[in-house]
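Colleague: As listed in TrEMBL for this protein:
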- 29-92: domain 'Helicase-associated' (DOMAIN)
- 102-157: domain 'Helicase-associated' (DOMAIN)
- 178-249: domain 'Insertion element IS402-like' (DOMAIN)
Amino acid sequence: MQQLKADKQSTERIALLAAIGISTENRRDVDWQRTYEQLKQFHGQYGHLRVPTDLRTPTGSLATTWIRGQMALRRAGRLDDAKIEMLDEIGFRWNSQEEDRQSQWETQLQELAAFQKTHGHINVPHGSLRFWFRRQAQLFDDGTLSSDRARKLAEIDPLWHDLHAALTSYRTRRNLSLTDPSWHDIRALLPVSEDPAWDAADQRAVIDAVLWKVRTRCDWNDIDLRDVTSTAVRRWYDQWRKAGVWDKIDDAARFRGAGQP
């Protein structure tokens, strides 16, 4: 029954084409109609025309190639109105490639924003998001990133295009500074030290600096503390790790401007 209905609809389409002067005896017109019917069926089943890259038309060509061909014909003014109307009926997206690229870009932007909110910084460690983010910075440096996209990235971090500047900024350091209750818990975990430099140091600032360094993966020399060298901070960190204290400190850490990884 469904086949009879499909055949009837196909016959009606052929009659419509004939009525507007498209001969069904023309091989190209027949092939066009066959591919159209295939895509119409695909749209009816899935609700869109984002066809698989390996889908073949009845003539053996790739469906994606055929779709791009219709776009090119319309841009060149060589696709007649009847065919445009028929393609519109099945949800043909004339700017689909551009729309898909923009949609993918917005998805990556949202993932970056979520990462920054969770971790307090924008140094994505690996994966496609890291590649995408670095690509945006490259485009910015080349002057080829649109102002709209640059603005959206700046809403996540004003210094996004200079990763080192973003990570070492006051904004990021504050994001990764401890809350008062968290510092209270961590202070109780710290071992007694016979190092006079540790006793004289702003111990909360030191712990903040180490947590910031570990999470952003910046260099030890990027630690910026008054009256305490980065060498001393690293020595204390190594001692805490060897004593098994650092993991407890890390687990107890809660930050002002970040969720938990």
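We count from 1, first residue shown onward.
Any Cβ shown, glycine's included, is placed from N, Cα and C.
Owing to the predicted nature of the structure, the values given are computational and were not obtained by experimental measurement.
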Colleague: So, by DSSP, how many helix, strand and coil residues make up the domain 'Helicase-associated' (102-157)?
Modeller: 44 helix, 0 strand, 12 coil
Colleague: In the predicted model, what is the mean pLDDT computed over the domain 'Helicase-associated' (29-92)?
Modeller: 90
Colleague: Just to be sure I understand, if DSSP states are collapsed into helix, strand and coil, how many residues of the domain 'Helicase-associated' (29-92) fall in each?
Modeller: 40 helix, 2 strand, 22 coil
